[in-house]
């Protein structure tokens, strides 16, 4: 069994489970006598190698990847930690040729036989292009709280993010009930509503708005939100929970980074209008306090759930197995309850096409069982 030199990096937004992947790769590789080099801060690490900031030995990961003092020495905690011990950056495609050349030079200096890339759709697109230029052998591992990477049912980090948002909705329910408030929660999801939909159902939301069904907040959708809230009021509920994805646009079809606040204002104004011209029942909504909150980067943090640790671990192990078999340019995926792998090229083609057309590469299925589940519960999803 020959020694191999492989690299591993994390790229794009962080999420729970990244360190569990790193741990699995390092431990499995160590048992084979391989050397694993941790590239700091995505492809920027290659630039720093090219510029002499790091030598190869500086990046060599040990069996545990870190050192702990005293009685903690040898304690294996990496799988429990959120974030990335390697660091991560979201910078887009290298715009200057000199930067791309430095990345390729840094990779060549390290003399790697393969590179494991833990990233989302954007990162995989960028690094695939670099790999083609540099003739790299790469294995991709999908990670994203958006769960929008094609071909895989789940990406590392998604399950924990759903749990974090669900817990937030649970906690907010009680303050909403105590003060008879309508609380609108803004959830991450640039183009995809998987996180918002899953957490909204699990967290007991009354209205869930995602870009696949509600690309923009039309006046009709806002009125329907008011009707949903009025019906809750008539049933005896004096509070409500609305979850909206950051990917939903405003009434002018413009992206609004404060879309929850925007929706709160629109519901207030529309309720007043309906009260004045149509039905006095809407006047009851006006008395309700409407508050908006954005969970932000809390969704990327937190201790990974056991399932995300398991998913990250089996993904890391499969990546090492593929390198051992010299099966390159693959993406490790989770499909129908088991780990598999697929050619990376067609996935990148889908990602590129969708990015050019401003579409999500793996959107929520409007006719899927999760959407049907929400509708069966009486949750309003923003249909006109």
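For all residues, glycine too, the Cβ spot is worked out from N, Cα and C.
DSSP assigns residue 146 (active site, proton acceptor) to coil in the three-state reduction, placing it in neither a helix nor a strand. Residues within less than 8 Å, Cβ to Cβ, of residue 146 (active site, proton acceptor) and separated from it by at least 6 positions along the same chain comprise 120, 155, 158, 188, 189, 190, 191, 192, 194, 195. Swiss-Prot lists 146 with the feature active site, proton acceptor, giving sequence analysis as the kind of evidence.
Feature annotation from Swiss-Prot assigns ATP binding site to 13, 91, 92, 120, 121, 122, 123; the stated evidence is sequence analysis. In the three-state DSSP scheme, residue 122 (ATP binding site) falls into the helix class.
Counting only same-chain residues six or more apart in sequence, the Cβ atoms lying under 8 angstroms from the Cβ of residue 121 (ATP binding site) belong to 144, 148, 149, 150, 351, 355, 361, 362. Marked as Mg(2+) binding site by Swiss-Prot: 121.
Sequence annotations record features per position, and here Swiss-Prot assigns substrate binding site to 144, 145, 146, 181, 188, 189, 190, 246, 291, 297, 298, 299, 300 based on sequence analysis. Under 8 Å, Cβ to Cβ, and six or more positions away along its own chain, residue 298 (substrate binding site) finds 164, 168.
Swiss-Prot lists 122 with the feature site 'Important for substrate specificity', giving sequence analysis as the kind of evidence.
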Proximal residue to residue 300 (substrate binding site) among binding-site residues 13, 91, 122, 123 (C-alpha distance): 13
Coarse DSSP state, helix versus strand versus coil, of residue 188 (substrate binding site): coil
Intrachain C-beta neighbours of residue 123 (ATP binding site), sequence separation six or more, cut-off 8 angstroms: 11, 12, 42, 90, 117
Neighbourhood of residue 91 (ATP binding site), C-beta criterion under 8 angstroms, separation at least six: 42, 43, 44
Count of other CB atoms lying within 10 Å of the CB belonging to residue 122 (ATP binding site): 20
